Structures are given as structure tokens and as C-alpha cells.
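According to Swiss-Prot, the protein carries these features:
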type: BINDING; residues: Gly99, Ser100, Val101, Ser102, Val103, Gly104, Lys105, Ser106; note: ATP binding site
Amino acid sequence: MNIESQSSVSEKFSPFLTFTRKQWAELRKSVPLKLTEQDLKPLLGFNEELSLEEVSTIYLPLARLINYYIEENLRRQTVMNRFLGNTNANVPYIISIAGSVSVGKSTSARILQSLLSNWPENRKVDLITTDGFLYPLEKLKKENLLHKKGFPVSYDTPKLIKFLADVKSGKPNVSAPIYSHLTYDIIPDKFNKVDRPDILILEGLNVLQTGSRKAEQTFVSDFVDFSVYVDADEALLKEWYIRRFLKFRESAFTDPNSYFKDYAKLSKEEAVETAANIWNTINGLNLRQNILPTRERANLILRKGADHAVQEVKLRK
């Protein structure tokens, strides 16, 4: 069997359909882009560049696909309500966005929120990050888990699952804790309210995890209707993390209230060494042990290249 034949056989038995950037862009069809450069700027992450061309090429087709899934989901809910004789409101559609530190999950989530909010159906779209469900800094220190921050063990998973269950059940004004990247901690007594949205986007490192399922055990992924994994080679992720760390050293870290204010005093060489060490001992380790193994569970994978642009899209069949 030649290489070309092996490739076609591999694709045939893959659970994913693979699209080049050009092929995926064609699936936008005639959907108009209402987002402007001015609208895009506040959606971007720190030290991240993303063009309107990227939005129209990658995210518009994705928003179009998700809307088809939502419409089908609504039809199923109508059938279920008719069967049960219910007049309940529609159940919120939950989208999860997973991936490594520094891959650009937050930007992807905000862009998707903006596009879906402006779709003709005028749906209400809320966005919550799982950072708010990290254990407080004091607890992590007390239990010697600070070096595991971002790992599954550092999250109050039962609290996150209760939040998702309440949202799915249609409860009004469900509270989600707020995390501060400045203080590196949960903000006491401050919450985001999620009030029966049509769509909830949940963004975080480990939202696709299932672990070793025990009887009647519930996972975050059990509440998710459509999952996206933002992917890139680890070498790129590490490079982007170090670059972002250097930018923070000149900006956020200089704030006297910053948990990392001491890093602002580092020379560039010391900062690079520190960031690389953090990656090697924490973020990279978490990626390999906990995040990357969940990639194949996603409904859709966005694979980025060196310029942060998505080069390949994989859609579960």
C-alpha cells in the first residue's frame, strides 16, 4: 500500500472530517460579517492579533454550523415537550471551548459570543470562564496545590457541575464566581449572573475531561451540547506563553496589586527563564497530562499555526 492509499484509509476510518483553511472558509456561504474592526478590538486577548479575515474565514462558518445544531436541538426539545405534555421554556444550549494556556481560548469564546449574539434569531448568549471555579488561593496554599493550579484537582468541580445543572434546568440568575488575573484569586462576594440564556459558552482548560468514570459520576462534559478544542503544537504554545509573560512584565505585573508584581523587576533574560520554567513544570505538564488527551473528544478542533491563524479544522462526523 502506497503512502497516498494509507492516507485515504486513515481519513476514511477517522471520526473527523478534515478541512483546510480554504475548504472551511467556503462553508461560510453568503453569511454577512457584521463585525467591524472597532467591534473586534475589545474581543482580543492581551498581546493577541486577529484579523477580520480570520473571523470571516474561520469563525463565521463555525457560527453557521452551531446555529444549525441549535435549530435541530430546539426541534428535539419541541418533540420531547409534546411527548411529556410540558410547556417548559427551552433548555439553554451549552458550548464548551477547551485548550491549553496561551492558545487563545478566551478570544475564540468572545468572538463566537459576538457572532452568535448578532445572528438573525437574536439569541441571548452568555460567556463564563471556569477560572471562577478554581479554589481560592488560600485553600490552594493550605493544601499545597499552588503548583497544580489549572490542573483538575485545583477546581471546585462539584460547584461547577451544580452551576451547569442549574443553568440547564432553567433556573434564573444562577451565580458564577469571578476570578481576578491581577490578584490571582477569586474575588470575594462578586458574581456573574446567568439568567436563562439561549446559549451559554463555557471556556476553560479542562471542560472536556471525563477521567475514570465511576457509577453515577457526573462530569462537566455531560452538560455540553457542542465542544470546541483550540489546538497548536506545544512548541508554539510555549513560545506564545513566554511572549505574553514578557508583555505582562511591562504592564500588568507593574501594578502594585498584582500577585506577580515581583516579576516586573526581572531582567528580560530572567523573565524568559522564569516563564520557561513555569511552562515546563506547570502549564506544559498540565497540557500533556490533562488537556491534550481530551482533544479527540471535541466536536470540532481548530488547529493554529505559527501566526496564530487557524490552518486546519476537524469536524466530528
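Placement of Cβ uses the backbone N, Cα and C atoms for every residue, glycine included.
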Tell me the coarse DSSP state (helix, strand, coil) of Lys105 (ATP binding site).
helix
Local backbone state of Gly99 (ATP binding site), from DSSP in three classes:
strand
Using other CB atoms within 10 angstroms as the count, which residue among the binding-site residues Val101, Val103 scores least?
Val101
Lys105 (ATP binding site) CB neighbourhood, other CB atoms within 10 A:
24
So which of the binding-site residues is most packed in, judged by how many other Cβ atoms lie within 10 Å of its Cβ, out of Ser100, Ser106?
Ser100
